[in-house]
Amino acid sequence: MNDWKRIVVKVGTSSITDERGNPSGEKILSLVRECVKLMRANKEVVLVSSGAIASGREIMQKLSKRKDLPAKQALSAVGQVRLMQYYSQLFSIFKQPIAQILLTAEDLRDRKRYINISQTFETLIEEKVVPIVNENDTVAVEEIKIGDNDTLSAKVACAINADLLVILSDVEGLYSEDPNLSPNAVLIRDIYEIDEKIEKIAGPGKGTGGMYTKVQAAKIVTEAGIPMILAKADLENVLERIVLKKEKVGTMFYPVERHLNRRKHWMLFMAKPQGKVYIDDGAKDALLKKGKSLLPVGVKKIEGEFVRGDTVSILDLTGEEIGRGITNYDSSELERIKGKNTEEIKNILGEDFYEEVIHRNNLVLINRGDS
């Protein structure tokens, strides 16, 4: 944890705009200088930057008065170009090449696309390019929307196997209470476990950039073995102090001891389950306590249509999700063999069949003791 090489930096809209909400060349230049400083110290930097819609409002003032989704997407389309102009001009001062990557949730849910994106990042990083990432708001309807750049930055950090995620914000870190409301609020410097208490402090999941989304981002990366630091964006030399000088800045979220491997992490946090498989108490016990694979005999009910190789949710009979996994059977096959033992399955499908619906190597539990 003392020598972070690959760093994902996320910056929010308020951290790169002025008091009127327009992009601030001064603030963006300060951020660019910091990123270049890390690059020249032989670090690898990926920047996740908000600010496209704000940049669009600066240009399209009439359109900015509209509140509908097409207007927001149009503002984002115009603003993303403007935002990248800022970055291109300012990084070019230091002769630092950059690239633009726009993502949707679907790009990360699909395993092949996810791997391809990871490889693209790798190539850019190898070539000493700073990838600048944003959500592709222009095409991101609700079903394929990541929703906020805190979550996006966490998923990018996992996709590229980063050593550290730094979220720069307008707050110093996570406080014990809302510092705007309570004089007794204390900055929490170290968080080793994101439990109910921490989630309660973060508040309800409203909005697209509050403390809740930052804690959820921390949950995603720490489960992948990646630490996260939440710090104030306008702190002078903040990235240098965190990465190069190893100063204690903001709130540090430490990775969990038994973190998920990349494949299982993708299943739990990236993939969209294509169906639901309900299991009996015996199968639940075998998964949770004995680390076994899921067999057809333990399956009670199936919902949704899915094909072999899809990710599905595994639920107990109360409807609580206990895990996710990659299925060896499509939904129609599983419907025929659910609750059946090996001999019965042989009579239905013949000799060529899988013993497991989901092999333990392709299964991840929500509350894990084994993964």
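All residue numbers here begin at 1 and follow the chain in the order shown.
Any Cβ shown, glycine's included, is placed from N, Cα and C.
Owing to the predicted nature of the structure, the values given are computational and were not obtained by experimental measurement.
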Revision key, fill the gap. Note: Swiss-Prot has Asp137, Asn149 binding substrate, and from Ser24, Ser30, Ser50 that site also includes Ser50
Point to revise | Reported mean pLDDT - the domain 'PUA' (274-352) | key: 94
Review point. What does DSSP call Asp137 (substrate binding site) in the simple three-state scheme?
Key: coil
Revision key, fill the gap. The sparsest Cβ environment within 10 Å, among the binding-site residues Asp137, Asp170, is found at Asp170
Practice item. Looking only at C-alpha atoms, tell me how far Thr213 (ATP binding site) is from Asn149 (substrate binding site), rounded to the nearest Å. Key: 9
Review point. Ranked by the number of other Cβ atoms within 10 Å of their own Cβ, which of the binding-site residues Ser50, Thr213 ranks first?
Key: Ser50
